[in-house]
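These come from TrEMBL:
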| type | residues | note |
| --- | --- | --- |
| COMPBIAS | 252-269 | compositional bias 'Acidic residues' |
| COMPBIAS | 284-294 | compositional bias 'Basic and acidic residues' |
| DOMAIN | 201-241 | domain 'Non-structural maintenance of chromosomes element 1 RING C4HC3-type' |
| REGION | 252-338 | region 'Disordered' |
Amino acid sequence: MAPLSWRHHTLLQALLSRGPLSERDFHALFSAISGGKNPATHRQLFNDTLLKINKELTYLQFELRAGINQYDGTVYYGVVNNIADEESKLGSKFSVPQIAFYKGLLEAIVHEARNDGSITNIDALNTRIENQVVIADASQGSQSRLPTSITNFSLSQKEKTLNELIQDRWLSYTPTGKIGLGIRSFLDLRSWLRSNDIPSCEVCNEACIKASCCPNEECNVRIHGYCLKKKFSQRKASRACGCGTEWPRLEGEDDGAEDEDVNEPEEDQVPSTNQHSRTRRRGVKSELVEENERAGPSARMTRRALRSSKAEAVEAAQEVPSAAGPSQSTRASKRRKN
């Protein structure tokens with residue numbers, strides 16, 4: 001197999017030095033090193049590049065994988081460790097009490113009863129870490145033999161550790177201001193989340209940390225918010241759950257009923273014939289006034305006489321006998337002849 005090229009090394013170096021990258025940033029980086037080739041239009045080249053990298057990383061028990069931030073649906077790419085042993089733990093900058101604190105936070109977030117996938121800052125600081133430490137001899141005196149670093153782990157140390165976990169993206173602040181999992185947890189702990197009896201999404205089969213529950217309380221179906229939007233993106237798609245209950249519409253989702261009439265003009269938007277005629281007469285009148293202002297006195301008198309004659313002709317035309325019978329002027333002329 002040919003060795004990795006500088007393009008592969010650039011992708012790996014960016015992920016290792018900067019941490020997980022969003023899909024947008026990772027695609028932009030790939031496009032920059034591949035001569036402007038967009039992964040969306042060169043999907044095969046993109047997949048072959050990642051496959052070649054992962055074949056080399058297999059020898060080190062590492063993997064380049066994609067994961068989704070369940071709080072906003074953003075896709076990220078990152079390099080993760082596929083093995084969890086005591087030797088791999090030596091590479092962590094966190095101490096034993098800090099790791100125990102993270103495990104306690106992880107359990108509290110994962111088992112949050114309302115499937116909100118988050119806990120408050122107060123609940124996070126009140127997390128107990130004593131039960132996160134494994135003691136070889138589980139006798140009655142085990143509590144007294146806990147390391148002092150565990151028993152003396154203070155509130156200020158918890159607060160400092162919490163900030164470090166958020167900064168390193170193991171945890172994150174959710175849009176509601178609570179504490180949730182970070183993208184590194186979603187990437188690294190995928191296997192752990194699947195193996196700990198966490199309900200999976202009905203659509204993508206991934207563990208549901210932040211998900212929507214079926215309105216039917218007796219139904220256990222859970223679906224991620226972004227999976228719901230994708231599932232119901234088609235207007236004619238059925239919104240019925242497996243139990244027969246209709247899923248409520250998502251925030252910002254339209255029902256499509258108003259789209260059919262969006263181009264239909266309203267009655268008051270259609271100009272009538274009378275309105276058009278009145279507008280035209282006003283325009284002609286204004287033109288005559290302007291022309292009269294430019295003309296001299298003799299021209300005004302001549303035009304005034306012409307308008308008078310025209311008015312008399314109009315009145316005479318209105319007195320023309322209609323189909324219903326003769327007019328009064330016709331009957332008067334007949335009487336004079338008699």
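Positions of Cβ are set from backbone N, Cα and C atoms, glycine also.
Note that TrEMBL annotation is computational and uncurated.
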Non-local residues, at least 6 beyond the ends, that sit with Cβ under 8 Å of the domain 'Non-structural maintenance of chromosomes element 1 RING C4HC3-type' (201-241): 68, 70-71, 73, 109-110, 115-118, 174, 180-181, 186, 190, 193-194, 247-248, 250, 253, 256
Arithmetic mean of per-residue pLDDT over the domain 'Non-structural maintenance of chromosomes element 1 RING C4HC3-type' (201-241): 82
Helix-strand-coil residue split for the domain 'Non-structural maintenance of chromosomes element 1 RING C4HC3-type' (201-241), DSSP-based: 7 helix, 6 strand, 28 coil
